[in-house]
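Database features (Swiss-Prot):
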- 15, 16, 17, 18, 19, 20, 21, 108, 115, 132, 133, 134: NAD(+) binding site (BINDING)
- 95, 101, 134, 165: substrate binding site (BINDING)
- 190: active site, proton acceptor (ACT_SITE)
């Protein structure tokens, strides 16, 4: 189906032929993020990934989604980001065995820098960008730094997966439904240092921190959420794909349509100095989406124990930033 519907939304997905892209695209085309708006999809791939993207495009056509408009495949950034209203930056170089994190940061910087420049030049003025490819926080910082003229708050990184993992772990521990839990927070970096925080988490409006044993929170919950990706690789033999895609959809849907009443979610975005986080550092905060814009939740009390974990994330992200600066990518 091809349409010139004036209310259509253009969505770009990089790494569209990969596992996460495959899990993402059909749900976007079905209307899970943008409601009843027609969706035009731009599948942006490397030369090596084009064939897989073609296969995805064939399957998208075979689904006969009523809301699916045009589907295009390209390797050119100018074509891939043209008039994009929403961008999912999924494609990234995976870490190889024996590779140092600094090497990974430098390699991905060479991918995300040009993408940031092209987004600023070719995407729609209202573009919303979510970086899924790891290391997501620092990749997002690189995108924002190269997207000259674009409001840095239009560029975010995915920590909703960690947020969702935290909700699932607490729901399982308490024997309750995930839907009854609100105000989970993930602070910091999408890495093993992240701080999933239950201090403000509520069950049917009542805080649950007192119902959770401190030893379980510190020794089991926090490490398990932080290392869940490695656990899934160990069990499944592949990295998280469907859950990562689902979290990215949650993130974009809430950004566009607003967060649920009385709840907040976790979003990594350039800091405005809130909670003492250095300005500009891409850091995960508790956020609400209001009128299509992310707002950091203010006024939460931070204990010394919480601050220690937050500080560890600041340190790690500053070290990542220094590594890409040294490589001339920031």
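Glycine is treated like the rest: Cβ placed from N, Cα and C.
The most crowded of the recorded positions listed here (101, 165, 190) is 190, judged by how many other CB atoms sit within 10 Å of its own CB. Note on proximity: of the recorded positions 101, 134, 190, the one nearest residue 115 (NAD(+) binding site) is 134, by Cα distance. Of all residue pairs in the NAD(+)-binding list (15, 16, 17, 18, 19, 20, 21, 108, 115, 132, 133, 134), the one with the greatest Cα separation is 21 Å apart. Of all the binding-site residues in the record (101, 134, 165), the one with the smallest CA separation from residue 21 (NAD(+) binding site) is 134. Taking Cα separation as the measure, residue 17 (NAD(+) binding site) is nearest to 134 of the recorded positions 101, 134, 165, 190. Sequence-distant neighbours of residue 19 (NAD(+) binding site): residues of the same chain at least 6 apart with a C-beta under 8 Å from its C-beta are 238, 239, 241. For residue 190 (active site, proton acceptor), the nearest of the binding-site residues by C-alpha distance turns out to be 134; the candidates were 15, 101, 133, 134, 165. In this view, residue 134 (substrate binding site) is surrounded by 21 other Cβ atoms within 10 Å of its Cβ, with every protein chain counted.
Secondary structure at the residue listed as 'active site, proton acceptor', taken from DSSP and collapsed to helix, strand or coil, is coil. Following the DSSP three-state reduction, the secondary structure of residue 115 (NAD(+) binding site) is helix. According to DSSP, residue 19 (NAD(+) binding site) sits within a helical segment.
Secondary structure at residue 134 (substrate binding site), as computed by DSSP, is coil. In terms of C-alpha distance, the listed binding-site residues 101, 134, 165 place 134 closest to residue 15 (NAD(+) binding site).
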